[in-house]
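**Student:** Sharing a structure here in structure tokens format.
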Amino acid sequence: MIPPEIRRSVLLQKAIKLALAGTLLTFASFSATAADPSSDTETPQPPDILLGPLFNDVQNAKLFPDQKTFADAIPNSDPLMILADYRMQRNQSGFDLRHFVDVNFTLPKAGEKYVPPAGQSLREHIDGLWPVLTRSTKNVEKWDSLLPLPESYVVPGGRFREIYYWDSYFTMLGLAESGHWDKVADMVANFGYEIDAWGYIPNGNRTYYLSRSQPPFFAFMVELLVQHEGDDALKEYLPQLQKEYAYWMEGVETLQPGQQNQRVVKLEDGSVLNRYWDDRDTPRPESWVEDIATAKSNPSRPATEIYRDLRSAAASGWDFSSRWMDNPQQLSTIRTTTIVPVDLNALLYQLEKTLARASAAAGDRAKASQYDALANARQKAIEMHLWNNKEGWYADYDLQNNKIRDQLTAAALFPLYVNAAAKDRAAKVAAAAQAHLLQPGGLATTSVKSGQQWDAPNGWAPLQWVAAEGLQNYGQDDVAMEVTWRFLTNVQHTYDREKKLVEKYDVSSTGTGGGGGEYPLQDGFGWSNGVTLKMLDLICPQEKPCDSVPSTRPASLSATPTKTPSAATQ
């Protein structure tokens, strides 16, 4: 390594020019969107752009078992200087790439394994985890990929060392249930800050997540805060709700029937719906090698198209699932951007309803009426285009083939969750979910076994909550109880054996963590903790709360959802 004290200015300038030239040359093969790292002083650059060929070489060398490790590494000095050093040294005899990385970067520390005190109940274990999972960005380094936030926040756990958008809502449910309303308020404030900073909420607070968002749960977060602070929370966050809506609807005013623009689509009949989209079409920095391998496995498709669809699936939160693929056994057939997801549009319906309510709270009746009209139009579009009449369930719309898709997934419960479903259709969805998705350990994500983590036999805490509350909204209490009871039993049995909660569960039985996907099973785990606490308080009466799952199934759920039903349910 060249000592810093002998880096004379002329030599450094020459090296930097060479480094930048190498960066641009390397990334021309991935996407025309790659840019000079110094060209944008406003938006922080992700590590694949900041470090160019060095990042590519480190990831391709597979120096670390998890590709996210180097994506999260912090440069110890100006990345341009590190890149200049690298280009000057890499072809020298005896050059050691791992040593170079160790000298020039601070790698993320492996989190200390949390060992709970002996004899803790499930509730006690979760309550003890909140401080363990709480993080702050007060000391973020200059070139860190971590994006600073003004308040502390709760992370999922494991390899996920940052805040994630849709995860956080389900974590916040548990924080509220534990009485940590201060943490709930802090996390809502953080997301409001991100909307003000970027115009939207990124996938997570990392530079490499800035090109996409995630399922839009901010409206639900604000509605949760209303339970503690009243309508003042609606008025406080109305500007941020409006900005997030503008992000999702950007470009709608110029669309003609049959056209799409980023996240918004206009169908042939003029109906406006949304899809997931990532602004970049390169490999994901946190899964670099895997994405390149996926693209290479299907040379008949442009690599950039595959990269965009992989990234857009990450934006959906369902990364990955047969839901997005033509061939469930071949990830390279993914085409997320040609699919209109039923869950996304249900969530945007909720955002429109919350905007109407917030506008009314702020005294703007005209705006409230406008948002109500937008919500009603979306609800009609959901009923018209996202209902599979032949199968009897809500499903995604296929833009490529101009028809409704047949696959039943747990996303079919989202219209029930936001009270956007007609009563007769809600009953059909409940019957379908009970017949095809309900398993001994909870609700399966799909009925397809693809080896991907958002497929059978995995069940995920947020989807259990959405299903249980959605079913309750429409009086399907028995099915809601079965989902709740079976999933809680699964969580309890796993905790009894392993003394931890995990990211996902195998619902084909009880007591087993889930598998599949790009990385090992993670424990912690934010949204599992939050949903478990909420469900514990659903199955046990308020006057006699339970700290662990009872050994026998209760006769009924003790609480009901607090959301006001929309006109669709009347």
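Even glycines carry a Cβ here, placed using N, Cα and C.
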**Student:** Swiss-Prot tags one of 31-57, 274-300, 544-570 as region 'Disordered' - which one?
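**Tutor:** Per Swiss-Prot, the stretch marked region 'Disordered' is 544-570.
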**Student:** CB neighbours of ARG159 (substrate binding site) within 10 A?
**Tutor:** 18
**Student:** Relative to the Cβ position of ARG212 (substrate binding site), how many further Cβ atoms are located within 10 Å?
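**Tutor:** By my count, 23.
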**Student:** Find the shortest Cα-Cα separation between ASP319 (active site, proton donor/acceptor) and the binding-site residues ASP167, ARG212, GLN214, PRO285, and name the residue that gives it.
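**Tutor:** Its closest listed neighbour, by Cα, is GLN214.
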**Student:** Would you count the other C-beta atoms found within 10 angstroms of the C-beta of GLY317 (substrate binding site) for me?
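**Tutor:** Other Cβ atoms found within 10 Å: 22.
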